[in-house]
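Structure, as structure tokens:
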Amino acid sequence: MTDNSKIRVVVGMSGGVDSSVTALLLKEQGYDVIGVFMKNWDDTDEFGVCTATEDYKDVAAVADKIGIPYYSVNFEKEYWDRVFEYFLAEYRAGRTPNPDVMCNKEIKFKAFLDYAMTLGADYVATGHYAQVKRDENGTVHMLRGADNGKDQTYFLSQLSQEQLQKTLFPLGHLQKSEVREIAERAGLATAKKKDSTGICFIGEKNFKQFLSQYLPAQKGRMMTIDGRDMGEHAGLMYYTIGQRGGLGIGGQHGGDNQPWFVVGKDLSQNILYVGQGFYHEALMSNSLDASVIHFTREMPEEFTFECTAKFRYRQPDSHVAVHVRGDKAEVVFAEPQRAITPGQAVVFYDGKECLGGGMIDMAYKNGQPCQYI
């Protein structure tokens with residue numbers, strides 16, 4: 001029987017209920033637990049909201065309650081260099097990035113993991129809803145979280161086998177409701193704290209106002225695919241493929257009462273394309289190209305396989321065929337897909353296992369690129 005007291009686990013604690021219960025469960029299981037709060041954004045921000053200060057107070061209260069030491073570490077430079085610069089570059093290129101995927105890859109499971117090793121960690125743990133399972137050969141497989149509505153493997157799809165070997169996900173087998181019940185029973189200060197949303201580590205800011213501080217918006221024309229001028233857009237970076245709200249055109253043009261959606265972008269001409277109908281033909285595609293292809297365990301350099309995939313968080317899986325060539329892949333859909341968005345992650349699954357994924361570069365319809373950028 002393993003003596004867990006000799007196994008040191010460093011827990012990434014955000015001041016939320018999930019990471020609080022993660023630390024509690026590991027402590028109850030007898031591990032040598034240390035809590036670490038990551039400060040990744042300057043909280044003396046333009047809105048005067050010091051959320052990190054309050055979050056750290058919650059970390060301290062929880063750590064004191066369960067009896068573990070805790071520290072704070074500053075990764076603001078790493079976050080800026082490895083995540084935020086990427087985030088801005090993607091928007092400049094007319095894409096819609098997913099900073100959470102990059103944040104997990106570069107900060108929570110790289111910068112934080114490296115720091116944890118300096119504290120003598122055997123493992124790191126986070127409050128993500130995912131599971132790890134080691135096979136007889138010692139390979140770690142990442143499985144979906146038991147709570148389908150909270151499963152976060154989509155955001156963890158760029159983790160390497162080396163990172164997974166050092167990672168524990170104590171909440172993976174639990175439902176979110178059970179996590180809150182555990183926190184309440186233990187009297188943790190974060191038991192009723194609402195879940196955070198918004199950009200990874202930056203929080204719930206007015207997105208348009210926030211982004212405009214770093215990227216100057218260029219207004220331009222809003223057009224239909226067949227060339228009708230529909231007015232002015234506020235800046236291409238503020239719109240994503242398939243978006244409905246915020247267009248300001250309602251149903252006033254023509255007799256069709258269907259809602260308007262963003263169906264494409266032309267970065268060189270600064271044109272936003274719009275169309276009516278949720279399944280507008282310009283939104284539909286049957287394949288995509290992806291880069292930064294990465295698998296959570298060893299795979300051949302070139303191979304073809306069938307699996308299911310997600311093209312955005314919380315959407316149902318879709319059947320696909322994947323043709324891998326190094327760090328690039330062509331993904332062919334069994335059924336046409338709506339609003340495949342460059343910059344977002346495509347993530348591959350074999351049943352419960354998350355195999356990895358990549359970043360969407362372009363969607364295609366019958367071999368022709370969609371007018372998405």
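Quick reminder: no glycine exception, Cβ is built from N, Cα and C everywhere.
Its Cβ placed at the centre, C103 (active site, nucleophile) has 23 other Cβ atoms within 10 Å. Annotation comment: Swiss-Prot describes C103 as active site, nucleophile, evidence class sequence analysis.
The active site, cysteine persulfide intermediate annotation in Swiss-Prot covers C200 and rests on sequence analysis.
G16 (ATP binding site): 20 other CB atoms within 10 A of its CB, across all protein chains. Look at G16 (ATP binding site): DSSP puts it in coil. Swiss-Prot lists G12, M13, S14, G15, G16, V17, D18, S19, M38, G127 with the feature ATP binding site.
Among the features that Swiss-Prot reports, disulfide bond is placed at C103-C200.
The Cβ of H128 (site 'Interaction with tRNA') lies under 8 Å from the Cβ of D18, G145, Q152, F155, L156, F169, L171, G172, each of these being in the same chain and 6 or more residues away along the sequence. Feature annotation from Swiss-Prot assigns site 'Interaction with tRNA' to H128 (among others).
Counting only residues at least six positions away in the same chain, the Cβ atoms of T96, P97, N98, F311, R312, M359, I360 sit under 8 Å from the Cβ of Q344 (site 'Interaction with tRNA'). Marked as site 'Interaction with tRNA' by Swiss-Prot: Q344 (among others).
G16 (ATP binding site) is 17 Å away from C103 (active site, nucleophile) when you measure Cα to Cα. Note on M38 (ATP binding site): other Cβ atoms within 10 Å of its Cβ, all shown chains, come to 23.
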